[in-house]
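**Q** According to Swiss-Prot, the active site, O-(5'-phospho-DNA)-tyrosine intermediate annotation covers Y124. What Swiss-Prot records for 35-498 is domain 'Topo IIA-type catalytic'. The site 'Interaction with DNA' feature in Swiss-Prot is assigned to K43, H79, H81. The annotation site 'Transition state stabilizer' is assigned in Swiss-Prot to R123 on the grounds of sequence analysis.
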Amino acid sequence: MTNINYEGIEQMPLRTFTEKAYLNYSMYVIMDRALPFIGDGLKPVQRRIVYAMSELGLNATAKYKKSARTVGDVLGKFHPHGDSACYEAMVLMAQPFSYRYPLVDGQGNWGAPDDPKSFAAMRYTESRLSKISEILLNELGQGTVDYQPNFDGTLAEPQYLPARLPHILLNGTTGIAVGMATDIPPHNINEIADAAVMLLDNPKAGLDDVLEIVQGPDFPTEAEIISPKSEIRKIYEQGRGSIKMRATWKKEDGEIIISALPHQSSPSKVIAQIAEQMTAKKLPMLEDIRDEADHENPIRIVLVPRSNRVDTDALMAHLFATTDLEKSYRVNMNMIGLDHKPAVKGLLEILNEWLDFRRTTVTRRLQYRLDKVLSRLHILEGLMIAFLNIDEVIEIIRHEDDPKAELMARFNLSDEQADAILNLRLRHLAKLEENQLKAEQDELEKERLNLEAILGSERRLNTLIKKEIQEDAKKYANPRMSQLVEREEAKMISESDMTPAEPVTVILSEMGWVRCAKGHDIDPKSLSYKAGDSYLAHACGKSNQAVVFIDSTGRSYALDPLSLPSARSQGEPLTGKLNLPTGATIEYVVMASEQQELLMASDAGYGFICKFEDLIARNKAGKALISLPENAKVLKPKTLINSTALVVAITSAGRMLIFPAQDLPVLSKGKGNKMITIPAANAKDRSELLTKLLLISDQASLEFYSGKRKIVLKPEDLQKFRAERGRKGSTLPRGLHTNLEIMVIEP
């Protein structure tokens, strides 16, 4: 509800006003600022720039004029907005690295791929329209489009331009409206024209038929489009998605040469990103980076590997994953349709709707020409009458006060015919020749018949449109720039893979303090420990391997050895790096390659085989690895040397069982299977436990020590202890039940 008070001020509720104002602003930005029209593929500011330049006579063959002159005309006549925004829109249409088919031909500094906004001010640059702008302008003035008043009502401007090709797909566009945006990628003119022709020949063709012609977007760069065909099809079906581009490179004399970057990637930014990683020592395999770009090679980035042993494919895959050498581009084909409503459209819908636009435009052009031809034929008919009665016509003109009315009455002429006769100069009237008039009449009559035939036949109209599309495509054609190549996904090299693998020893103390020493030739027990502390365990491995800690509850934790303090100190408590369950203590330290198989077991007699990678848990709380029966404890992990290894299990009751390791299940975690029978009640009250667990080859001997007693069991002696997994085993010789030490003697 609104009302006007006595002071002439309109009043309305604030809510109503704000809703109305926001809606009006939203519709204005969507319809008149940010989104392109499907017919000519231009946003209003772009259309006004192109039209203003054509009105200034700045076609492709004209002399260049100051850009400020064009911008002034655009702002003063059609687009009452900021000059910088208008000039920037003009610059984008002139940059060959921004527009696939630039509409403006610029002279001067119009920016560079490294910094598109480094263009000179409009008072310094000069411009004119490019040759390809003809596809938008050539049919103006032929009745093809409707005109509308400009912002102050003093001039008229076209509502849209009569595009002869689907420019909406050729150059694409980007824009941000209110509540919506548009990102339409550019395409190759040959492919789009061929697809349009195919749809004219076969209106029932589907998207798959179109995609046999249109490979995908074609950006103004020779970088590769690496999106799979299935993804590209989905984008063209739904009108939205993401396109991924990757730089092109080659090896040359041991160096890596990057010759093309993804669309809108800055060479200086890419170099800075790589240099930053080199400074942070994250690219030890790379020695140097150079920018060797020149006028012949706008993009030439040289990477120098540290040696010829560097895996260049892995290096580039890492750079693709971590720098702008690989970029993704949002696709959102949102535009104003022929129904003057914004909508996201698929490729097939865009092409079919543009062909409807083109049919309307060509029909209007032909009808406009037909009207002109009919008008001229009508005039010629009057001139022929004048020729046949030349003396009488001259007499009427000389002596009558109103010669026009007399001519119309005497010879039954129309108003237009009489005006045409009277407008002829006397010498032209005297020189009228029947042959000339007849020839022009015959020529125009043929044109009339042809125009009426085309306008009366949809097939002939489509044939004409097809011919014009093919001629224009041939005139402005150029090869595809962005090749479509399916590549493997870029993978970042982990820090551990890039760090040189050095031998390290990780030492754990009784009180849970940990440290890391370089090399394997140290004696962990001889190191200095805190008062009341002493050596508990250690593990040897490489600096690029994880170090795993196993606690008394059966949980495992992993840390990077390089994150541990040096062995020159007394270390740091593990409780500051790991979150152990209440009452739990770290029992063992393990290092191995990720695929190394290990035997995990509890002293209740259960065990299983797992890989070292199954022990790795990067979170501070670790992961549940071994499920322990009640009161059971974890045994030290054993390294499985080969698949034929034998498991030697010895209980505190003096029973020994030997069985193949391959009889144990391979698990990533769990309780495992029974290795040797220990009554559950005995295991629970810990009256009988698994005390010794070994892995040996089938040719190994065992030396048993108990106090001063020593017994050697050779392979043939061990045969009587071999049985199926889970059996009770056989009793060891007397005297080997307590304080037992065992040494494995491999052949």
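Cβ from N, Cα, C; glycine included.
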**Q** Going by DSSP, give the three-state secondary structure for Y124 (active site, O-(5'-phospho-DNA)-tyrosine intermediate).
**A** coil
**Q** How many Å separate the Cα atoms of Y124 (active site, O-(5'-phospho-DNA)-tyrosine intermediate) and H81 (site 'Interaction with DNA')?
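**A** Between the alpha carbons of Y124 (active site, O-(5'-phospho-DNA)-tyrosine intermediate) and H81 (site 'Interaction with DNA') there are 21 Å.
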**Q** Fewest other CB within 10 angstroms, which one of the recorded sites K43, H79, H81, R123?
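**A** Comparing Cβ neighbour counts within 10 Å for the recorded sites K43, H79, H81, R123 gives R123.
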**Q** Does DSSP put H79 (site 'Interaction with DNA') in a helix, in a strand, or in coil?
**A** coil
**Q** According to DSSP, does K43 (site 'Interaction with DNA') fall in a helix, a strand, or coil?
**A** coil
**Q** Considering every residue in the domain 'Topo IIA-type catalytic' (35-498), what is the mean pLDDT value?
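**A** Summing pLDDT over the domain 'Topo IIA-type catalytic' (35-498) and dividing by its length gives 92.
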**Q** Roughly how many Å separate the Cα of R123 (site 'Transition state stabilizer') from that of H81 (site 'Interaction with DNA'), to the nearest whole number?
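**A** Distance between the two Cα atoms comes out at 18 Å.
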**Q** How many other Cβ atoms are found within 10 Å of the Cβ atom of Y124 (active site, O-(5'-phospho-DNA)-tyrosine intermediate), counting all protein chains shown?
**A** 12
**Q** Rounded to the nearest Å, what's the C-alpha distance separating H79 (site 'Interaction with DNA') and K43 (site 'Interaction with DNA')? Just drop the number here, would you?
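**A** One finds 12 Å between the Cα atoms of these residues.
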